[in-house]
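J.: There's a structure below that I have some questions on.
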Amino acid sequence: MATTRRELAVRAAVEQRLLGPDQPVVGLLDVAGIRSAAAGLRAAFEEVIAPGTPVLHAFAVKAAALVPVLRLLADEGLGCEVASPGELALARAAGVTPDRIVLDSPAKTVAELREALDLGIAVNADNPQELERLDALVGHRAAPPSPVGLRVNPQVGGGRIDAMSTATATSKFGVALQDPGARAWVVRAFVERPWLTRLHAHVGSQGCPLELMAAGIRAAYELAEEINEAVGRQQIDALDIGGGLPVNFTSDEVTPGYREYAQLLRAAVPGLFDGRYKLVTEFGRSLLAKSGLVLARVEYAKSAGGRPIAVTHAGAQLATRTVFAPEAWPLRVLAYDAEGRPKAETGDGPVPQDIAGPCCFAGDLIARDRPLPELAAGDLVALLDTGAYYFSNHFAYNSLPRPGIYGFDATSADGEVRFATVREPQTMAEIVAESGARHALSLSRLR
Ligand SMILES: *Cc1c(COP(=O)(O)O)cnc(C)c1O
(Lines of atoms letter the chains of each structure in order from A; the text may use other names.)
(Lines give C-alpha, C1' and ligand atoms only; values in the text may rest on other atoms or scores of the structure.)
Protein backbone atom coordinates (compact mmCIF):
# COMPACT_ATOMS: atom_id res chain seq x y z
CA MET A 1 0.00 0.00 0.00
CA ALA A 2 1.36 3.40 -0.88
CA THR A 3 2.79 5.13 2.20
CA THR A 4 0.75 8.30 1.75
CA ARG A 5 -2.52 6.42 1.42
CA ARG A 6 -1.63 4.35 4.50
CA GLU A 7 -0.80 7.39 6.62
CA LEU A 8 -3.98 9.17 5.53
CA ALA A 9 -6.09 6.12 6.28
CA VAL A 10 -4.64 5.47 9.74
CA ARG A 11 -5.14 9.08 10.76
CA ALA A 12 -8.66 9.17 9.33
CA ALA A 13 -9.60 5.88 11.02
CA VAL A 14 -8.84 7.52 14.36
CA GLU A 15 -10.53 10.82 13.50
CA GLN A 16 -13.63 9.09 12.18
CA ARG A 17 -13.71 6.84 15.26
CA LEU A 18 -13.58 3.48 13.52
CA LEU A 19 -11.24 2.67 16.35
CA GLY A 20 -12.55 3.60 19.78
CA PRO A 21 -12.91 2.52 23.39
CA ASP A 22 -15.10 -0.45 22.50
CA GLN A 23 -13.46 -1.17 19.12
CA PRO A 24 -9.76 -1.50 19.93
CA VAL A 25 -8.84 -3.25 16.68
CA VAL A 26 -9.97 -2.88 13.04
CA GLY A 27 -8.99 -4.11 9.62
CA LEU A 28 -8.55 -1.62 6.77
CA LEU A 29 -8.55 -2.32 3.04
CA ASP A 30 -7.21 0.03 0.39
CA VAL A 31 -9.75 -0.09 -2.43
CA ALA A 32 -7.42 1.61 -4.91
CA GLY A 33 -4.74 -0.97 -4.11
CA ILE A 34 -7.10 -3.90 -4.68
CA ARG A 35 -8.31 -2.46 -7.97
CA SER A 36 -4.79 -1.91 -9.16
CA ALA A 37 -3.66 -5.43 -8.21
CA ALA A 38 -6.60 -6.90 -10.15
CA ALA A 39 -5.89 -4.70 -13.16
CA GLY A 40 -2.20 -5.64 -12.98
CA LEU A 41 -3.05 -9.34 -13.00
CA ARG A 42 -5.25 -9.00 -16.06
CA ALA A 43 -2.74 -6.88 -17.94
CA ALA A 44 0.15 -9.26 -17.17
CA PHE A 45 -1.61 -12.23 -18.77
CA GLU A 46 -3.11 -10.22 -21.64
CA GLU A 47 0.44 -9.36 -22.57
CA VAL A 48 1.49 -12.99 -22.98
CA ILE A 49 -1.60 -14.79 -24.30
CA ALA A 50 -2.85 -14.94 -27.89
CA PRO A 51 -5.44 -12.17 -28.35
CA GLY A 52 -9.01 -13.33 -27.87
CA THR A 53 -8.15 -16.41 -25.76
CA PRO A 54 -10.61 -16.69 -22.86
CA VAL A 55 -8.93 -16.14 -19.48
CA LEU A 56 -10.72 -16.44 -16.15
CA HIS A 57 -8.89 -15.08 -13.14
CA ALA A 58 -10.73 -16.78 -10.26
CA PHE A 59 -9.87 -15.18 -6.91
CA ALA A 60 -9.21 -17.79 -4.20
CA VAL A 61 -12.01 -16.85 -1.81
CA LYS A 62 -10.29 -18.28 1.28
CA ALA A 63 -7.78 -15.42 1.08
CA ALA A 64 -10.49 -12.83 1.81
CA ALA A 65 -13.89 -14.39 2.34
CA LEU A 66 -15.72 -11.07 2.39
CA VAL A 67 -18.66 -10.47 0.06
CA PRO A 68 -17.87 -6.79 -0.76
CA VAL A 69 -14.29 -7.79 -1.65
CA LEU A 70 -15.54 -10.50 -4.01
CA ARG A 71 -17.92 -7.97 -5.56
CA LEU A 72 -15.16 -5.38 -6.01
CA LEU A 73 -12.96 -7.99 -7.68
CA ALA A 74 -15.88 -9.03 -9.89
CA ASP A 75 -16.23 -5.37 -10.94
CA GLU A 76 -12.57 -5.60 -11.95
CA GLY A 77 -13.30 -8.64 -14.12
CA LEU A 78 -12.35 -11.45 -11.73
CA GLY A 79 -14.29 -14.59 -10.80
CA CYS A 80 -14.02 -16.82 -7.72
CA GLU A 81 -12.27 -20.05 -6.79
CA VAL A 82 -14.24 -21.69 -3.98
CA ALA A 83 -13.42 -24.69 -1.81
CA SER A 84 -16.49 -25.18 0.37
CA PRO A 85 -20.25 -24.64 0.36
CA GLY A 86 -19.67 -21.51 2.47
CA GLU A 87 -17.26 -19.98 -0.03
CA LEU A 88 -19.63 -20.85 -2.86
CA ALA A 89 -22.47 -19.10 -1.02
CA LEU A 90 -20.31 -16.00 -0.56
CA ALA A 91 -19.39 -15.89 -4.24
CA ARG A 92 -23.05 -16.15 -5.18
CA ALA A 93 -24.01 -13.50 -2.61
CA ALA A 94 -21.49 -11.23 -4.33
CA GLY A 95 -23.34 -11.75 -7.60
CA VAL A 96 -20.59 -13.78 -9.25
CA THR A 97 -22.24 -15.90 -11.95
CA PRO A 98 -21.70 -19.70 -12.05
CA ASP A 99 -19.69 -19.50 -15.28
CA ARG A 100 -17.11 -17.44 -13.36
CA ILE A 101 -16.79 -19.79 -10.38
CA VAL A 102 -14.44 -22.76 -10.02
CA LEU A 103 -14.91 -25.38 -7.28
CA ASP A 104 -11.77 -27.01 -5.89
CA SER A 105 -11.62 -28.83 -2.60
CA PRO A 106 -10.05 -32.07 -1.51
CA ALA A 107 -13.22 -33.24 0.27
CA LYS A 108 -16.24 -32.47 -1.90
CA THR A 109 -19.36 -34.39 -0.89
CA VAL A 110 -21.74 -35.89 -3.42
CA ALA A 111 -24.25 -33.16 -2.60
CA GLU A 112 -21.66 -30.45 -3.28
CA LEU A 113 -20.67 -32.03 -6.57
CA ARG A 114 -24.30 -32.33 -7.63
CA GLU A 115 -25.02 -28.70 -6.71
CA ALA A 116 -21.99 -27.49 -8.67
CA LEU A 117 -22.98 -29.45 -11.76
CA ASP A 118 -26.60 -28.31 -11.49
CA LEU A 119 -25.51 -24.70 -11.25
CA GLY A 120 -22.99 -24.93 -14.08
CA ILE A 121 -19.97 -24.30 -11.89
CA ALA A 122 -16.62 -25.68 -13.07
CA VAL A 123 -15.34 -28.53 -10.91
CA ASN A 124 -11.81 -29.85 -10.55
CA ALA A 125 -11.84 -33.42 -9.27
CA ASP A 126 -9.10 -34.20 -6.79
CA ASN A 127 -8.74 -37.98 -6.98
CA PRO A 128 -9.96 -41.22 -8.60
CA GLN A 129 -12.79 -41.74 -6.09
CA GLU A 130 -14.15 -38.28 -6.76
CA LEU A 131 -14.00 -38.98 -10.48
CA GLU A 132 -16.13 -42.08 -9.89
CA ARG A 133 -18.69 -39.97 -8.06
CA LEU A 134 -18.74 -37.62 -11.02
CA ASP A 135 -19.21 -40.59 -13.38
CA ALA A 136 -22.37 -41.46 -11.49
CA LEU A 137 -23.63 -37.86 -11.51
CA VAL A 138 -22.89 -37.28 -15.17
CA GLY A 139 -24.55 -40.62 -15.95
CA HIS A 140 -25.43 -41.12 -19.57
CA ARG A 141 -25.43 -37.44 -20.40
CA ALA A 142 -23.15 -36.67 -23.31
CA ALA A 143 -21.67 -33.77 -21.40
CA PRO A 144 -22.07 -32.46 -17.87
CA PRO A 145 -23.58 -28.99 -17.62
CA SER A 146 -20.31 -27.54 -16.40
CA PRO A 147 -16.64 -27.95 -17.26
CA VAL A 148 -14.98 -30.74 -15.29
CA GLY A 149 -11.25 -31.09 -14.78
CA LEU A 150 -8.79 -33.20 -12.84
CA ARG A 151 -6.25 -31.84 -10.40
CA VAL A 152 -2.78 -33.28 -10.70
CA ASN A 153 0.17 -32.91 -8.38
CA PRO A 154 3.27 -32.68 -10.56
CA GLN A 155 5.40 -33.47 -7.46
CA VAL A 156 8.00 -30.89 -8.41
CA GLY A 157 8.86 -30.32 -4.75
CA GLY A 158 8.17 -27.88 -1.93
CA GLY A 159 9.16 -24.36 -0.97
CA ARG A 160 10.36 -22.72 2.20
CA ILE A 161 7.15 -23.34 4.19
CA ASP A 162 6.04 -26.98 4.50
CA ALA A 163 2.42 -26.16 5.25
CA MET A 164 2.21 -24.03 2.10
CA SER A 165 3.81 -26.51 -0.30
CA THR A 166 1.22 -28.27 -2.45
CA ALA A 167 3.48 -30.11 -4.89
CA THR A 168 5.60 -32.27 -2.61
CA ALA A 169 5.84 -36.01 -3.25
CA THR A 170 3.29 -36.75 -0.52
CA SER A 171 0.99 -33.70 -0.78
CA LYS A 172 -2.67 -34.41 -0.04
CA PHE A 173 -3.80 -32.58 -3.18
CA GLY A 174 -4.60 -34.01 -6.59
CA VAL A 175 -3.41 -37.13 -8.38
CA ALA A 176 0.29 -37.64 -7.65
CA LEU A 177 1.54 -37.72 -11.21
CA GLN A 178 4.92 -39.36 -10.69
CA ASP A 179 3.64 -42.24 -8.57
CA PRO A 180 3.98 -45.61 -10.29
CA GLY A 181 1.25 -46.04 -12.92
CA ALA A 182 -0.34 -42.67 -12.18
CA ARG A 183 0.39 -40.96 -15.47
CA ALA A 184 -1.00 -43.83 -17.53
CA TRP A 185 -4.07 -43.91 -15.26
CA VAL A 186 -4.66 -40.19 -15.83
CA VAL A 187 -4.38 -40.51 -19.60
CA ARG A 188 -6.85 -43.41 -19.56
CA ALA A 189 -9.22 -41.48 -17.29
CA PHE A 190 -9.45 -38.78 -19.96
CA VAL A 191 -9.71 -41.24 -22.85
CA GLU A 192 -12.66 -42.91 -21.12
CA ARG A 193 -14.42 -39.64 -20.29
CA PRO A 194 -14.93 -37.34 -23.25
CA TRP A 195 -16.48 -34.80 -20.85
CA LEU A 196 -13.30 -34.43 -18.80
CA THR A 197 -11.91 -31.31 -20.44
CA ARG A 198 -9.62 -29.54 -17.99
CA LEU A 199 -6.38 -30.14 -16.21
CA HIS A 200 -5.66 -28.34 -12.94
CA ALA A 201 -2.39 -27.81 -11.06
CA HIS A 202 -1.95 -25.39 -8.17
CA VAL A 203 1.71 -25.31 -7.22
CA GLY A 204 2.33 -22.88 -4.42
CA SER A 205 2.26 -21.02 -2.42
CA GLN A 206 4.04 -18.62 -0.05
CA GLY A 207 7.73 -19.51 0.06
CA CYS A 208 7.81 -21.23 -3.35
CA PRO A 209 10.20 -19.93 -6.00
CA LEU A 210 8.55 -18.91 -9.30
CA GLU A 211 10.70 -21.41 -11.20
CA LEU A 212 9.21 -24.24 -9.14
CA MET A 213 5.69 -23.04 -9.88
CA ALA A 214 6.50 -22.76 -13.57
CA ALA A 215 7.95 -26.27 -13.58
CA GLY A 216 4.70 -27.59 -12.14
CA ILE A 217 2.62 -25.80 -14.78
CA ARG A 218 4.93 -27.04 -17.50
CA ALA A 219 4.35 -30.60 -16.29
CA ALA A 220 0.57 -30.07 -16.42
CA TYR A 221 0.80 -28.58 -19.89
CA GLU A 222 2.91 -31.47 -21.20
CA LEU A 223 0.43 -33.92 -19.75
CA ALA A 224 -2.44 -32.09 -21.47
CA GLU A 225 -0.59 -32.33 -24.78
CA GLU A 226 0.00 -36.04 -24.23
CA ILE A 227 -3.67 -36.64 -23.40
CA ASN A 228 -4.95 -34.69 -26.40
CA GLU A 229 -2.54 -36.65 -28.58
CA ALA A 230 -3.78 -39.95 -27.12
CA VAL A 231 -7.42 -38.96 -27.63
CA GLY A 232 -6.76 -37.68 -31.11
CA ARG A 233 -8.51 -34.33 -30.59
CA GLN A 234 -8.24 -31.30 -28.35
CA GLN A 235 -10.32 -32.78 -25.53
CA ILE A 236 -8.55 -30.71 -22.89
CA ASP A 237 -9.46 -27.18 -23.90
CA ALA A 238 -8.64 -25.34 -20.67
CA LEU A 239 -5.74 -25.36 -18.25
CA ASP A 240 -6.20 -24.16 -14.68
CA ILE A 241 -2.79 -23.06 -13.47
CA GLY A 242 -3.79 -22.27 -9.86
CA GLY A 243 -2.47 -19.35 -7.84
CA GLY A 244 0.24 -19.25 -5.26
CA LEU A 245 2.29 -16.20 -6.21
CA PRO A 246 4.32 -15.40 -3.08
CA VAL A 247 4.07 -12.02 -1.37
CA ASN A 248 6.92 -9.88 -0.10
CA PHE A 249 6.23 -9.23 3.58
CA THR A 250 9.43 -7.25 4.19
CA SER A 251 8.79 -3.94 2.39
CA ASP A 252 6.16 -2.00 0.43
CA GLU A 253 7.63 -3.26 -2.81
CA VAL A 254 5.38 -5.66 -4.74
CA THR A 255 7.77 -8.41 -5.69
CA PRO A 256 7.49 -10.75 -7.44
CA GLY A 257 4.84 -9.16 -9.64
CA TYR A 258 2.29 -10.73 -11.97
CA ARG A 259 4.17 -9.45 -14.99
CA GLU A 260 7.38 -11.17 -13.93
CA TYR A 261 5.49 -14.41 -13.36
CA ALA A 262 3.58 -14.25 -16.65
CA GLN A 263 6.77 -13.54 -18.59
CA LEU A 264 8.53 -16.41 -16.86
CA LEU A 265 5.62 -18.73 -17.69
CA ARG A 266 5.72 -17.69 -21.32
CA ALA A 267 9.41 -18.53 -21.48
CA ALA A 268 8.98 -21.84 -19.63
CA VAL A 269 5.72 -23.01 -21.26
CA PRO A 270 5.23 -21.09 -24.52
CA GLY A 271 2.49 -23.44 -25.79
CA LEU A 272 0.29 -22.50 -22.85
CA PHE A 273 -0.37 -19.11 -24.39
CA ASP A 274 -0.72 -19.84 -28.10
CA GLY A 275 -4.52 -19.73 -28.00
CA ARG A 276 -5.29 -23.45 -28.00
CA TYR A 277 -6.05 -23.51 -24.29
CA LYS A 278 -8.44 -21.37 -22.32
CA LEU A 279 -6.72 -20.28 -19.14
CA VAL A 280 -7.92 -20.22 -15.53
CA THR A 281 -5.86 -18.74 -12.71
CA GLU A 282 -6.58 -18.83 -8.96
CA PHE A 283 -4.55 -16.15 -7.21
CA GLY A 284 -5.42 -15.28 -3.63
CA ARG A 285 -2.75 -13.82 -1.35
CA SER A 286 -1.00 -11.77 -4.03
CA LEU A 287 -4.24 -9.94 -4.93
CA LEU A 288 -5.08 -8.73 -1.44
CA ALA A 289 -2.16 -8.94 1.01
CA LYS A 290 -0.57 -5.59 0.24
CA SER A 291 -3.87 -3.74 0.42
CA GLY A 292 -4.75 -4.56 4.00
CA LEU A 293 -3.63 -3.54 7.45
CA VAL A 294 -4.71 -4.28 10.99
CA LEU A 295 -4.81 -1.28 13.31
CA ALA A 296 -4.84 -2.00 17.04
CA ARG A 297 -4.58 0.01 20.22
CA VAL A 298 -1.84 -0.54 22.76
CA GLU A 299 -3.75 -1.16 25.99
CA TYR A 300 -0.72 -1.32 28.27
CA ALA A 301 3.02 -0.86 27.94
CA LYS A 302 4.92 -2.91 30.50
CA SER A 303 8.26 -4.55 31.04
CA ALA A 304 9.41 -8.03 32.11
CA GLY A 305 12.97 -9.25 32.59
CA GLY A 306 14.19 -6.04 31.02
CA ARG A 307 12.06 -6.56 27.90
CA PRO A 308 9.53 -3.81 27.04
CA ILE A 309 6.17 -5.35 26.05
CA ALA A 310 3.33 -3.56 24.30
CA VAL A 311 0.09 -5.38 25.07
CA THR A 312 -2.17 -4.72 22.09
CA HIS A 313 -5.55 -5.96 20.87
CA ALA A 314 -4.10 -7.72 17.82
CA GLY A 315 -2.97 -11.25 18.52
CA ALA A 316 -3.60 -14.85 17.64
CA GLN A 317 -7.33 -14.27 17.12
CA LEU A 318 -6.59 -12.54 13.82
CA ALA A 319 -2.90 -13.15 13.09
CA THR A 320 -3.06 -16.85 13.88
CA ARG A 321 -0.35 -18.03 11.52
CA THR A 322 2.02 -15.26 12.55
CA VAL A 323 1.64 -16.15 16.22
CA PHE A 324 1.94 -19.92 15.82
CA ALA A 325 4.53 -19.98 13.02
CA PRO A 326 6.40 -16.68 13.44
CA GLU A 327 9.39 -17.68 11.31
CA ALA A 328 7.18 -18.47 8.33
CA TRP A 329 4.80 -15.51 8.69
CA PRO A 330 6.66 -12.45 10.05
CA LEU A 331 4.73 -9.19 9.78
CA ARG A 332 5.96 -5.64 9.60
CA VAL A 333 4.69 -3.51 12.47
CA LEU A 334 4.46 0.29 12.45
CA ALA A 335 4.00 2.49 15.51
CA TYR A 336 1.51 5.37 15.61
CA ASP A 337 0.49 7.72 18.40
CA ALA A 338 -3.05 7.90 19.78
CA GLU A 339 -4.03 10.39 17.05
CA GLY A 340 -2.80 8.08 14.33
CA ARG A 341 0.39 9.98 13.48
CA PRO A 342 3.59 8.01 12.84
CA LYS A 343 5.41 7.78 16.13
CA ALA A 344 8.82 9.41 16.15
CA GLU A 345 11.83 7.70 17.65
CA THR A 346 13.30 9.29 20.73
CA GLY A 347 16.94 10.38 20.81
CA ASP A 348 18.07 6.89 21.82
CA GLY A 349 16.70 5.34 18.62
CA PRO A 350 14.34 2.39 18.31
CA VAL A 351 13.69 0.17 21.32
CA PRO A 352 13.49 -3.62 20.92
CA GLN A 353 10.00 -4.58 22.13
CA ASP A 354 7.60 -7.48 22.15
CA ILE A 355 4.29 -6.73 20.45
CA ALA A 356 1.82 -8.91 22.32
CA GLY A 357 -1.81 -9.74 21.66
CA PRO A 358 -4.80 -9.99 24.00
CA CYS A 359 -5.02 -13.78 24.18
CA CYS A 360 -4.35 -15.62 27.41
CA PHE A 361 -1.36 -17.70 26.45
CA ALA A 362 2.28 -16.73 26.69
CA GLY A 363 3.10 -17.21 23.03
CA ASP A 364 0.53 -14.67 21.83
CA LEU A 365 3.15 -12.37 20.32
CA ILE A 366 3.00 -10.67 16.92
CA ALA A 367 6.68 -9.72 17.07
CA ARG A 368 9.51 -10.45 19.46
CA ASP A 369 12.30 -8.06 20.35
CA ARG A 370 11.29 -5.83 17.43
CA PRO A 371 13.04 -2.42 17.27
CA LEU A 372 10.33 0.26 17.17
CA PRO A 373 9.76 3.71 18.64
CA GLU A 374 8.94 3.00 22.27
CA LEU A 375 5.22 2.33 22.56
CA ALA A 376 3.02 3.72 25.32
CA ALA A 377 -0.52 2.92 26.43
CA GLY A 378 -2.98 4.50 24.01
CA ASP A 379 -0.62 4.33 21.02
CA LEU A 380 -1.53 2.29 17.95
CA VAL A 381 0.24 -0.45 16.04
CA ALA A 382 -0.36 -1.30 12.40
CA LEU A 383 0.27 -4.82 11.12
CA LEU A 384 1.09 -4.43 7.44
CA ASP A 385 0.34 -6.63 4.41
CA THR A 386 -2.55 -8.32 6.20
CA GLY A 387 -5.21 -7.98 3.47
CA ALA A 388 -5.12 -11.68 2.63
CA TYR A 389 -5.82 -14.54 5.05
CA TYR A 390 -5.84 -12.29 8.15
CA PHE A 391 -9.35 -10.79 7.96
CA SER A 392 -11.39 -13.87 7.26
CA ASN A 393 -9.67 -16.68 9.12
CA HIS A 394 -10.56 -15.68 12.63
CA PHE A 395 -9.54 -17.88 15.54
CA ALA A 396 -12.16 -17.66 18.28
CA TYR A 397 -9.68 -17.96 21.18
CA ASN A 398 -10.89 -16.31 24.40
CA SER A 399 -14.18 -15.55 22.62
CA LEU A 400 -12.56 -12.45 21.17
CA PRO A 401 -14.79 -10.84 18.54
CA ARG A 402 -14.05 -10.67 14.84
CA PRO A 403 -13.06 -7.05 14.26
CA GLY A 404 -14.83 -4.73 11.86
CA ILE A 405 -13.33 -4.46 8.40
CA TYR A 406 -13.52 -1.19 6.48
CA GLY A 407 -12.52 -0.33 2.97
CA PHE A 408 -11.07 3.13 2.36
CA ASP A 409 -10.57 5.49 -0.50
CA ALA A 410 -7.65 7.83 0.13
CA THR A 411 -7.13 9.01 -3.43
CA SER A 412 -9.12 12.23 -3.24
CA ALA A 413 -7.08 15.35 -4.11
CA ASP A 414 -8.14 17.15 -0.92
CA GLY A 415 -6.76 14.35 1.25
CA GLU A 416 -10.19 13.40 2.56
CA VAL A 417 -10.53 9.70 3.33
CA ARG A 418 -13.85 7.93 2.90
CA PHE A 419 -14.60 4.60 4.56
CA ALA A 420 -17.11 1.88 3.69
CA THR A 421 -18.10 -1.01 5.93
CA VAL A 422 -16.98 -4.39 4.62
CA ARG A 423 -17.94 -6.33 7.74
CA GLU A 424 -19.41 -5.11 11.03
CA PRO A 425 -17.50 -5.98 14.17
CA GLN A 426 -18.93 -9.09 15.76
CA THR A 427 -21.25 -8.23 18.68
CA MET A 428 -21.26 -9.73 22.17
CA ALA A 429 -24.80 -10.99 21.51
CA GLU A 430 -23.54 -12.87 18.45
CA ILE A 431 -20.70 -14.44 20.39
CA VAL A 432 -23.03 -15.56 23.16
CA ALA A 433 -25.54 -16.97 20.67
CA GLU A 434 -22.83 -18.83 18.73
CA SER A 435 -21.56 -20.32 21.96
CA GLY A 436 -24.69 -22.30 22.70
CA ALA A 437 -26.67 -19.76 24.77
CA ARG A 438 -29.93 -21.22 23.49
CA HIS A 439 -28.94 -24.54 25.03
CA ALA A 440 -27.75 -23.16 28.37
CA LEU A 441 -29.50 -25.86 30.41
CA SER A 442 -29.08 -28.73 27.99
CA LEU A 443 -26.25 -30.47 29.83
CA SER A 444 -27.67 -29.93 33.28
CA ARG A 445 -30.91 -31.60 32.22
CA LEU A 446 -29.37 -34.51 30.38
CA ARG A 447 -29.25 -36.96 33.25
C1 LIG B 1 -5.33 -21.52 -1.67
C2 LIG B 1 -5.47 -21.88 -3.09
C3 LIG B 1 -5.22 -20.92 -4.07
C4 LIG B 1 -4.70 -19.54 -3.76
O5 LIG B 1 -3.41 -19.57 -3.26
P6 LIG B 1 -2.64 -18.20 -2.93
O7 LIG B 1 -1.35 -18.63 -2.38
O8 LIG B 1 -3.47 -17.44 -1.96
O9 LIG B 1 -2.51 -17.46 -4.22
C10 LIG B 1 -5.46 -21.27 -5.38
N11 LIG B 1 -5.90 -22.51 -5.72
C12 LIG B 1 -6.13 -23.45 -4.80
C13 LIG B 1 -6.62 -24.78 -5.24
C14 LIG B 1 -5.92 -23.18 -3.46
O15 LIG B 1 -6.14 -24.11 -2.54
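Glycine is no exception: its Cβ is also placed from the backbone N, Cα and C atoms.
Any TrEMBL annotation is an automated prediction that lacks curation.
A quick note: this is a predicted structure, and the numbers were derived from the prediction, not measured.
Residues or ranges marked as domain 'Orn/DAP/Arg decarboxylase 2 N-terminal' by TrEMBL: 54-288. What TrEMBL records for LYS62 is N6-(pyridoxal phosphate)lysine. Residues annotated as domain 'Orn/DAP/Arg decarboxylase 2 C-terminal' in TrEMBL: 290-387. The active site, proton donor annotation in TrEMBL covers CYS360.
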J.: Round to a whole number and give the Cα-to-Cα distance in Å for the pair CYS360 (active site, proton donor) and LYS62 (N6-(pyridoxal phosphate)lysine).
T.: 27
J.: In sequence order, what residues of the same chain, 6+ apart, have a Cβ less than 8 Å from the Cβ of the residue listed as 'N6-(pyridoxal phosphate)lysine'?
T.: ALA83, GLU87, GLY284, TYR389, SER392, ASN393
J.: Around the Cβ of CYS360 (active site, proton donor), how many other Cβ atoms lie within 10 Å? Please give the count over every shown protein chain.
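T.: Taking every protein chain into account, the count is 9.
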J.: For LYS62 (N6-(pyridoxal phosphate)lysine), just give me the three-state DSSP call.
T.: helix
J.: Just to be sure I understand, if DSSP states are collapsed into helix, strand and coil, how many residues of the domain 'Orn/DAP/Arg decarboxylase 2 C-terminal' (290-387) fall in each?
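T.: Helix, strand and coil residues of the domain 'Orn/DAP/Arg decarboxylase 2 C-terminal' (290-387) number 7 helix, 43 strand, 48 coil.
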J.: Tell me, what is the mean pLDDT of the domain 'Orn/DAP/Arg decarboxylase 2 C-terminal' (290-387)?
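T.: Mean pLDDT for the domain 'Orn/DAP/Arg decarboxylase 2 C-terminal' (290-387): 97.
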